[in-house]
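Engineer: According to TrEMBL, the protein carries these features:
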| type | residues | note |
| --- | --- | --- |
| TRANSMEM | 12-40 | transmembrane segment |
| TRANSMEM | 60-84 | transmembrane segment |
| TRANSMEM | 96-118 | transmembrane segment |
| TRANSMEM | 138-166 | transmembrane segment |
| DOMAIN | 237-630 | domain 'DUF7937' |
| TRANSMEM | 311-336 | transmembrane segment |
| TRANSMEM | 382-401 | transmembrane segment |
| TRANSMEM | 413-437 | transmembrane segment |
| TRANSMEM | 444-464 | transmembrane segment |
| TRANSMEM | 470-492 | transmembrane segment |
| TRANSMEM | 513-533 | transmembrane segment |
| TRANSMEM | 539-563 | transmembrane segment |
| TRANSMEM | 575-596 | transmembrane segment |
| DOMAIN | 659-717 | domain 'Leucine rich repeat variant' |
Amino acid sequence: MSGPAYVRPPSGVTAVFAAILALLGGGAGAIGVLAFLSFVEELGGVDQAAGYLRGFGPDWWEAVVVGGQISNAVSAILLLAGAIQLFRRRLSGRTMIIWGCLLVIATGIAGLIASQAVVNSWRNGIGGEYFSGEYSELIRGASLSSAGISLGLLIFPLVTLILAAAPPTRRWCDFRVVALPPGTPAPFYFQAPSGPVPIVPTQQPNPVASQPYRPPVVPSQPRMPVAVLLGDISTADRVRDGVAVVLLSAAWLLPWNRRVDLPGGNGQASVRAMIVFTTLLALVAVAVPYLSRLGAWAREWSAARSRVVQILALAPYLILIGGFFIADVASARYLFEAQAPAGPGTGPAVWAGAAGAMLAIQPRTVQGDKGVPLWWGQAARAVLWGAAVLALLSGLLAVLAQAMDSEAGSEDVAAVFALRTMLAVGVAAIAATGLGIDETAWRIAVLAYGAAVLVVGVLDALFGTGGIEFFGGAGFCACLLWCVAAAVAVAAPRDPDAVRHTGHVLVAACRNVLILIAFQAFFDGAATVLGALGAAREIGVGLVVAVLSAVILAAAATGAHMLRPWALPGRDPRIPRLVSMVACAVIVVLSVWRAVTGPALDAEVTTGPVVLVLSAVIAVVLVAAAPVTALYGEKPLLAELSAALHAALAAPGPVSDDPDHQAVTDPNTPEARLARIAQRRPDLRAAVAAHPHTRRGLLEWLAAQGDPEVARIVAGRSGGFTQPR
C-alpha cells in the first residue's frame with residue numbers, strides 16, 4: 001500500500017506556441033482589416049469603394065472582397081480571444097483557435113481561387129488589348145507568383161491549427177495543481193510490521209459510512225508577486241530588453257530600403273506582411289524569459305529551453321534582415337550596365353532591427369548560459385572585419401564602374417570614391433584592431449560609434465533624405481554591420497580579474513573615439529575637397545572645406561593626445577580632461593557650421609553628423625559621467641591647467657630605476673600589485689593611496705596604518721571612489 005504518486009505536469013510547449021501564433025495571426029488579421037477600412041476612407045466612402053471594386057473585376061468581385069474582410073475580422077477576434085483564453089489554460093481558447101485557423105485557411109483558399117478567376121477574366125478580354133499577347137503571359141506569371149506566396153503564408157494558420165489540436169495542448173489545459181490542506185501529512189509508503197499481524201474482524205461498525213460525502217476544502221494559494229518571479233533577471237538584461245523592444249518597434253516607422261516603407265505604404269503587400277509578422281514574433285521572443293517565469297508553461301520547463309524558444313522565434317526576423325542586405329549586395333551586378341538601375345539599399349529600419357534582434361538574442365546566465373561565452377566577445381571584432389571587407393569590395397566596384405565611364409569628370413568621381421572607401425575601410429579596421437589590443441575600452445568606442453551611426457540614420461530618415469545606404473555607392477560604410485557590432489559589444493565578456501577603474505576605461509574609450517574622428521576628418525575632408533574641385537567650383541570652396549577639415553583633424557588629434565595615459569614618475573596618473581573637452585567643443589561648432597553653410601558634397605550616408613554626435617557625447621562623458629566624476633572627485637577641472645598638478649604624487653627616494661615607484665605612477669597598474677607594494681614599501685603608501693585603482697578596502701587599510709600623509713590623501717580621495725563593480 002502506498003500514498004498518492006506524484007504526477008508530472010504535462011508540457012505546455014504546443015499550447016504556448018499555439019497561443020503565440022494565434023496572437024500574431026489575430027494581430028495581423030486585425031491590422032489587415034484596419035488597413036482595408038482606411039483604404040475605403042481614402043477612396044471617399046463606401047459608395048466610391050464599391051464603384052472602384054466593380055471597375056476592378058467582375059460583378060461578383062465586390063461581394064468576394066467584402067466577405068473576405070468580414071471573415072478576416074471574425075477570425076481575428078477568434079484568434080485573439082482564443083490566445084488569451086489558452087494562456088489561461090481554458091479549453092474554450094483551444095476551440096476558438098481551431099475554428100479561427102479553419103476560417104483563415106478557408107478564406108485564403110477561396111480568395112486564391114477568386115483572384116485567379118479575376119486574372120483569367122482579364123486575360124480573356126476584360127482588360128482589352130493591354131492584357132493580350134506578351135502582357136497576358138506577364139500577368140499570368142505575376143499571378144502565379146502571388147498565388148505561391150499566398151499558399152506559403154497559409155503554413156502559419158496550418159501550424160497553429162496542428163498545435164492547438166494536438167493532444168498535449170488539451171492535457172495542458174485540463175491539468176490542475178491541487179494543493180493539500182494545511183497540516184496534511186506528506187504521502188508515504190506503508191511498511192508491514194516485523195511481528196505477527198493481529199487478525200481484525202472484517203465487519204466493524206463505521207459511523208462515517210452513513211454520512212454524506214463532503215469534498216475536502218482546498219485553500220487557495222496566494223499568488224507570488226511579479227517582482228519575485230522576475231527577480232533573477234538582472235537590471236542589465238531588463239535594460240537591454242527594453243532597448244531591443246524600442247528598436248524593433250521603431251523599425252516599423254522607418255524605411256527598410258528604397259522600395260519598402262511601412263508608414264508610406266510602399267513595397268509589396270506580402271513583404272510588408274512578412275515584416276509585420278516577423279517583428280511581432282521577435283517582440284514575443286524578447287518576452288520569452290519573462291513569460292517563462294510567470295508560469296506560461298510547466299514549471300519543469302528549464303530556462304535553457306526558453307532560450308531555445310527565444311532563438312527560434314528570432315530566427316525569421318534575422319533571416320528577413322539578411323534577405324534585405326543580400327538583395328542590396330546582389331544589386332551591385334548592375335553597376336557596369338549602361339543604364340544601371342538604382343539598387344534597393346538598406347535603410348535605418350534594417351539597422352535598428354538588426355541591433356534590436358542582437359540585443360534580444362544575447363547570452364544570459366539565467367537562461368542556462370554559463371556567463372557570456374568568450375566567442376561572443378570575438379564576434380564584434382569579426383563583424384567589424386566583415387564591415388571593412390564589404391566596404392572595400394563596394395569601393396572597388398564603385399571605382400571600377402566610374403573608371404569605365406567615358407563621360408568627362410568620371411576620373412575625379414572615381415578618386416572621390418576611392419578616398420571614401422579608404423575612410424570606411426580604415427575606420428572599421430582600426431576599431432577591429434583596437435578590440436584585440438584593449439577590448440574593454442574599444443568595446444565602448446564601438447558601441448558609441450555604432451549608436452551614432454544609427455541615430456544619424458534615423459534622424460536622416462525622419463527629417464532628411466531617407467538615410468538609405470547602397471552597396472556599390474560612394475561612402476558605403478556597412479552601417480548595418482556597425483550597428484550589429486555595437487549591439488554585440490554590449491554583452492561582451494568582462495575579465496573578472498580586471499580591477500581597472502571604470503573612469504579610466506571611459507577616458508580611454510573617449511580617446512579611441514577621437515582617434516576615429518581624426519582619421520575620418522582627414523579622408524572625409526580630402527574627398528570633399530577633391531569633389532568640390534572636380535565639380536568645377538571655385539577654388540575658395542575647396543580651401544574653406546580644407547581649412548575646416550584641417551582644424552577638425554587637429555582638434556581631434558590634440559584631444560586624443562591629451563587623453564593618453566600618464567606613466568611618468570612624479571606625475572598624477574589621472575589624465576587631464578580640459579584640453580580634450582575644448583577640442584570636442586571646437587569639433588561640435590565646426591561640424592554644425594559645416595552642416596549648415598558648408599558646400600560639402602553629400603554622400604548617401606554623410607559622416608559629418610556622426611562626428612558631431614560623437615564629439616558631443618565625448619564632452620558629456622568627460623564632464624558628467626559618474627565613473628569619471630568619481631575618478632576626478634577632488635580634482636578641480638580648471639586646476640588641470642596648473643603645472644603644479646603633475647607633482648601631486650611626488651614621492652621621496654630615487655625614482656629612475658625603482659620598479660615599485662614606476663608601478664605606483666602607472667595608471668594601468670592593477671590593485672593587487674598596489675596592495676603588495678603598500679605592504680612592503682611604507683615610503684610609497686602615499687602614492688598608493690592617491691592611485692586611481694586603489695579602491696575602498698585598500699584605502700581603509702592604508703588609513704589605519706597611522707601615517708598622517710596617507711590619512712590626508714585618503715580623506716581627500718575617499719569621495720572620489722566607488723565600490724568595485
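Residue 1 is the first one shown; counting continues down the chain.
For all residues, glycine too, the Cβ spot is worked out from N, Cα and C.
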Engineer: What stretch, picked from 12-40, 60-84, 311-336, 382-401, 444-464, has the most CB pairs under 8 A with the transmembrane segment (470-492)?
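Structural biologist: Maximum Cβ contact count belongs to 382-401.
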Engineer: Pull the DSSP breakdown for the domain 'Leucine rich repeat variant' (659-717) and write it out as helix, strand, coil residue counts.
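Structural biologist: Helix, strand, coil within the domain 'Leucine rich repeat variant' (659-717): 43 helix, 0 strand, 16 coil.
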Engineer: What else in the chain is close to the transmembrane segment (382-401), if you only count residues 6 or more beyond its ends and a Cβ gap under 8 Å?
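Structural biologist: For the transmembrane segment (382-401), the list is 329, 332, 335-336, 340, 414, 417-418, 420-422, 424-425, 428-429, 431-432, 435, 446, 471-474, 476-478, 481-482, 484-485, 488.
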Engineer: On average, what pLDDT score does this prediction assign to the domain 'Leucine rich repeat variant' (659-717)?
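Structural biologist: Mean per-residue confidence for the domain 'Leucine rich repeat variant' (659-717): 78 out of 100.
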